C-alpha cells in the first residue's frame with residue numbers, strides 16, 4: 001500500500017478570497033462575542049479533565065482514602081470507571097437530543113445533571129453514594145460533551161474553526177490543572193473538606209453553562225436542517241459579517257450548508273446507525289474514528305492520567321506532597337503543549353501532527369520503560385528521576401495530536417446528518433477503552449509492575465503503522481468539503497461548486513436589478 005492517503009488542495013481554499021483580511025478575532029466586536037460563547041462551550045472539556053485529575057489527586061489524600069475504607073484493586077478501578085459506565089448508558093439517547101432539540105438544549109441538560117451530581121458527590125457519606133454521584137456525572141457529561149464540540153465547530157468563523165475545535169479537547173488540561181492544584185492545596189485540611197472542596201469546584205463550569213447557554217447562538221446547520229433557514233442566515237451574518245446577510249462569505253457558507261444538508265436529506269429516511277457503516281466512505285470514517293478513540297486512551301497515557309500514584313510507587317516516590325506537586329506541574333506542561341499544537345493544526349496539517357506525535361510517544365515510552373526496569377533492578381535514584389523526565393516528554397508528544405485533534409478531526413470528517421451519531425460512537429469507544437484501562441491498569445501494575453509497560457510499547461508501534469496508512473489530510477477546507485472527502489474528491493468539489501454557483505447567481509441577479517433601476 002502507498003504511504004497513506006493525502007488529499008489534494010484543489011478546493012481547499014475555495015472560500016479564501018471571501019475572507020475579510022481586516023476581520024480578526026481580537027479587533028472585531030462580534031467575533032469577540034462569538035468566541036466568548038465558544039469559550040462557554042469549551043469548558044465542557046475542562047469539567048471532564050477536572051474529574052480525571054481530581055480522582056488522581058484524591059488517591060494521594062489520606063483523608064479521602066481513610067474515609068472510604070482505603071479502596072484498592074477492583075474497588076479503586078470501579079471508583080474511576082463508574083463515570084464512564086454512566087456515559088455508556090446515555091450514549092444511545094444523546095444524539096437524538098442534539099439532533100432533535102438542538103445543540104444548546106443538549107448542553108443545558110447535561111450541565112444541569114452534572115450540577116446535581118457534583119452536589120451529591122460533595123455531600124457523600126458512603127462509598128456507595130460517592131459512586132452513584134460519579135455515575136450521574138458521567139451520564140450528564142455525555143449530553144454536554146456530545147453537543148458542545150459540535151456547536152463549536154458549526155458556529156466558528158471559518159478562519160478559526162480548526163484551532164478552536166482543537167482547543168476543545170486541549171482544555172481538558174485546564175480542568176486537570178485546577179483539580180491538581182486544588183487537591184494539592186486542600187490535602188492538608190484536617191477534615192473531610194480536604195476532598196469535599198475539590199468536589200465542589202468540579203461543578204462550577206456546569207453552573208456557568210446552565211445560567212448562560214440560552215444566550216449563545218444555535219448551530220446554523222441545525223437550524224437549516226429544521227427548515228429555519230432565515231434564522232440560520234441571520235446567525236451567520238451577525239457573527240461572521242457584522243450583520244450583513246449579503247456578505248459573500250456568509251452567502252457562500254449558507255449555500256454550502258444548504259447544499260450539503262439537501263444532499264443528505266434526499267437519503268435522510270435511510271440514515272440510521274447502520275448508515276455509519278453502509279458505504280466505503282463511511283466505513284473508512286468509522287475505522288479511523290474508532291481507532292483514534294482507542295489510541296487516545298491506550299497509548300500509555302492512561303497509566304499517568306488515572307494512576308500516577310501507582311506509577312510513582314513503582315519508582316520509590318511515595319511522599320504525597322511530591323506526588324501532588326509533580327501532578328500539578330505536569331498538567332500545566334500538558335496544557336501548554338496542547339494549546340501550541342491547536343494553533344498549528346492548519347499550518348502543519350493533521351497528518352504531520354499525528355505521525356510526529358506517535359513517533360515521539362513510542363521513543364519516550366520505551367525509554368520510560370527502560371528506566372523503570374533499571375530502578376526495579378538497581379534502585380537507582382537517577383533512573384527514577386529519568387522516569388519522571390520521560391513522562392513529561394511522552395506527554396509533550398501525546399499533546400501534539402491526541403489531545404487537540406481527536407475531537408476536531410472526528411467532527412470535521414463526518415457529514416452533518418451523521419455527525420451526532422458518529423461522534424457518539426467515538427465517545428462510546430473512548431468510554432469502553434477507559435473502562436478497560438481503569439479496571440485493568442491498577443491490577444496489572446500491582447501484579448507485574450514496570451513489565452506492564454512493554455504492552456504499550458508494542459501497541460504504540462502498531463498505532464504508528466495504522467495512522468501512516470489511514471489518516472487523510474484535511475487542512476484549509478470548509479466543514480462541508482472536509483466531510484465530503486471520504487466520499488471521493490468529486491463530492492467535495494461538487495459542494496464547493498454549488499456554493500460558488502449560488503453566490504454568482506445572486507451577484508448576477510443583484511447586478512441585473514441595479515441596471516434596471518438605473519435605466
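Glycine residues also receive a Cβ, built from the backbone N, Cα and C atoms like all the rest.
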257-277, 320-340 - the range that TrEMBL marks as transmembrane segment: 320-340
Per TrEMBL, the range holding transmembrane segment, considering 76-94, 171-189, 190-208: 171-189
Transmembrane segment according to TrEMBL, located in which of 232-255, 352-375: 352-375
Matching range for TrEMBL feature annotation, transmembrane segment, among 212-231, 452-471, 472-491: 452-471
Contact yes or no, the transmembrane segment (171-189) and the transmembrane segment (452-471), 3+ Cβ pairs under 8 Å, gap 6+: no
Long-range environment of the transmembrane segment (387-411) - Cβ separation under 8 angstroms, sequence gap at least 6: 149-150, 153, 162, 165-170, 172-173, 289, 292-293, 295-296, 299-301, 304, 311, 315, 317, 326, 330, 333-334, 337-338, 341-342, 345, 350, 353-354, 356-361, 363-365, 367-368, 371-372, 375, 419, 422-423, 426, 474
Cβ-Cβ under 8 Å with the transmembrane segment (452-471): same-chain residues at least 6 beyond its ends: 1, 3-5, 284, 287-288, 291, 295, 298-300, 303, 350-351, 354-355, 358-359, 361-362, 365-366, 368-369, 372, 441, 444-445
Stretch-averaged pLDDT - the domain 'Major facilitator superfamily (MFS) profile' (37-475): 88
